[in-house]
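A.B. asks: Structure in C-alpha cells, see below.
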Amino acid sequence: MQTRNAFSWIKKEITRSISVLLMIYIITRAPISNAYPIFAQQGYENPREATGRIVCANCHLANKPVDIEVPQAVLPDTVFEAVVRIPYDMQVKQVLANGKKGALNVGAVLILPEGFELAPPHRLSPQIKEKIGNLSFQSYRPTKKNILVIGPVPGKKYSEITFPILSPDPATKRDVYFLKYPLYVGGNRGRGQIYPDGSKSNNNVSNATATGVVKQIIRKEKGGYEITIVDASDGSEVIDIIPPGPELLVSEGESIKLDQPLTSNPNVGGFGQGDAEIVLQDPLRVQGLLLFLASIILAQILLVLKKKQFEKVQLSEMNF
C-alpha cells in the first residue's frame, strides 16, 4: 500500500514539474513583440486618458509626429483601411538595452469608435493582405475589440502600418448609429525613457546627483561608468552609476553642478498622437441623394427639351 502511494506521489510530482517547465518554455519563447503592448495593457484599463492623452506618452517622452489616413465615409459592414504613418530618419540608430546601437522599432495603438473592429482574415482582399504582410494585430482587451495595438515591429519595413477595419452595421448592432465618429491614434518609434515601474531606461540623459568635483571615472566591464563625485558642501563622496549606451560628457577633475548632464541624450525616437473623423453612411441616404440628383438632371433635360419645343412652335407661327 505504501509503495502504491509513493508511486502515486512521484507520478503527481513528475506531472507538476513537466507542467511548470512547459509554462516556463512558453513564456520564455514568446516573441518579444508581444511584450511591449502589455506594458500599457497591464497598467491602464483604457489607453486614452480623460484629458485625451494616450498613455504611451508616459514612457516615450519625446514628441514626434504621427499621421493617420482613413476614408471620409464608409458603408455598414464593409472593410476599409486605416493607414498609420510613423515617419523618422531611417539612417539613425538607437541605443539598445545592452548599450549597443541598433535599428529602431515602431508600434501603434488605434482607438476606433465602439462597434468598429479588426476585420477577420476571410474578409480581406488580396491587396489588403499584401499591405499587411506578416503584421499581427491584437485587441487591447478581449472586451475592447475597437482598440487595436501593434508592435514593436521593424521600423524600416513598417513605418507605414495598414489596419484592416470592419465597420459595424446598425441593423444588427442597436447601439451603433449613422453618425460621424472620431478615431484616435498613437505611434512611437524607438525605445522609451521610462519603464512601467517608473525606473529610467538607458535611453536617457544621466544627470549629476551632487555639486562638486569628479574624482574618479571607472569604466565597467559590461559597459557604462561609475562616477565618483566629491560633494562641495561636506566633502562626502557620491557615486553616480551610468548605464551602458549614452556617451560620457565629463572627465576627471571637472567641476560639475547638481543636475548637470553627465552624458549625451541618446534618444532618437519619440511618440506622437493624432486623430481623424469618419462617417458611417446610411446606404438609403446615399440612394436618396442619387435619386435626388438624377431627378434634378432629368428636370434640366426636360426643361431644355420643352424650351426647344417652344422655340419651334414660335418659329412655325412666325413663318405662317
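Our numbering is plain: 1 for the first residue shown, then up by one each step along the chain.
The backbone N, Cα and C atoms fix where each Cβ goes, and this holds for glycine too.
Owing to the predicted nature of the structure, the values given are computational and were not obtained by experimental measurement.
According to Swiss-Prot, the heme binding site annotation covers Y36, C56, C59, H60. The signal peptide annotation in Swiss-Prot covers 1-35. The feature transmembrane segment is assigned by Swiss-Prot to 286-305.
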A.B. asks: Per DSSP, C56 (heme binding site) is which: helix, strand or coil?
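C.D. replies: It is helical.
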A.B. asks: Measure the Cβ-based neighbour count of C59 (heme binding site), defined as the other Cβ atoms within 10 Å of its Cβ.
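C.D. replies: 20, counting other Cβ atoms within 10 Å of C59 (heme binding site).
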A.B. asks: Do any residues at least six apart in sequence from C56 (heme binding site), in the same chain, have a Cβ closer than 8 Å to its Cβ, and if so which, in order?
C.D. replies: A40, P47, G107, V109, G186, N188, F271, Q273
